[in-house]
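Asks: Have a look at this one.
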Ligand SMILES: C[S@@+](CC[C@H](N)C(=O)[O-])C[C@H]1O[C@@H](n2cnc3c(N)ncnc32)[C@H](O)[C@@H]1O
């Protein structure tokens, strides 16, 4: 049996991710376009790429056991990709060991010549002799076994456990969180223009209402691009957690005028779309600001149905000084590690470093100071991250109240009262921290302040 086209596509994509820092969601479609696979083979290649990328840490731990601690980094890149893919083929997709091993050996020969075929064959045969549950017991018993088995960097597991505890959750839930990070998310849609209850019956794919967001629809399967309203920008693909944060920013009641709104870090324009729809209903003017020119163009695309929004490129850190006390309502959806949305980006967790955090938290602090200065007294500032890490969330809230003198409002109460969302959150929490394993959404954080 020759190497199948779907496995060749998977190996090429895994190599590009490993060697060139490619993103699976961009590279795979490019390679699939050239390969012209049948829809079924394309789906198989997609599962191989995404599944292998998500569970790389688990498979590497098993290979270290089989090879007496030989590091995967010492192997040639194609052999690394082939072994990981074959492990996923066998252990997760339940391809027969005979077929999976023979495909891997063919692949090794095609990519690297005959020399490594014996090694690949031997390692995979050893892997196939034990059940998944037996490997699990052994890997979990290792130091950092939880991180290895659930395929996350060990530092990140420590940070996520600390975040669960700090946000009032049970840190014993960490394994459930890691499992949820390894499950591909459903597709959520936000209805920006139109009535969700009327639309749900007229759209060409089966949809349900999201459990928490009053503007959300959920698709378990299918291609949102088939929906005309999605192509027209009236409905947008957006995680339900992000929808809730945008609604929190838009609907928190305010004393006095409510006319000038700012989205300080708007790219690529997801939450700005929700804000624009709300601003249009309520006669407010929205400024959508973004530092990166390329991402400003994405905002322009996302806001095409809302021509009244002012879209501009600029550094949010300068707005406070340039436009002091000018805005009634500000959303600061801050640049962050993004470790709350690991479900979406299978390779992302391996690219984050603990050393990324201090630069980001410094930027977040500067943006918060600028937002606080740009807010008029009595205005509303909503601080959001797609990360639950303590340094990016609760530490920044403390900074906002202690150093910047902002007053925090209860975001859980506001979710209930202003958005009508009854969501299970820890008793006494003042901020909202959502979790994939608890709420089925990205781990978004939101805190609301006034000054
Ligand atoms: C978390 S993303 C925002 C996501 C967006 N609100 C949405 O819902 O689609 C953070 C954005 O902040 C931008 N950014 C980073 N530094 C900035 C700065 N100094 N001023 C303004 N925007 C900045 C990044 O380019 C990125 O687009």
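Placed from the backbone N, Cα and C atoms, the Cβ positions cover glycine too.
In case it helps, TrEMBL gives these features for our protein:
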- 163-451: domain 'SAM-dependent MTase RsmB/NOP-type' (DOMAIN)
- 265, 266, 267, 268, 269, 270, 271, 290, 315, 333: S-adenosyl-L-methionine binding site (BINDING)
- 386: active site, nucleophile (ACT_SITE)
Asks: For each of 267, 269, count the other CB atoms within 10 A of its CB; which of these binding-site residues has the top count?
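Replies: The most densely surrounded of these binding-site residues is 269.
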Asks: Find the longest CA to CA distance in the recorded S-adenosyl-L-methionine-binding set 265, 266, 267, 268, 269, 270, 271, 290, 315, 333; express it in Å as a whole number.
Replies: 19
Asks: Measuring Cα to Cα, how far is residue 386 (active site, nucleophile) from residue 271 (S-adenosyl-L-methionine binding site) in Å?
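Replies: About 12 Å separates the two Cα atoms.
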Asks: Between 265, 271, 315, 386, which of the recorded positions has its C-beta surrounded by the fewest other C-beta atoms within 10 Å?
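Replies: Among the recorded positions 265, 271, 315, 386, the lowest count of other Cβ atoms within 10 Å belongs to 315.
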Asks: Looking only at the domain 'SAM-dependent MTase RsmB/NOP-type' (163-451), what is the model's average confidence as pLDDT?
Replies: 96
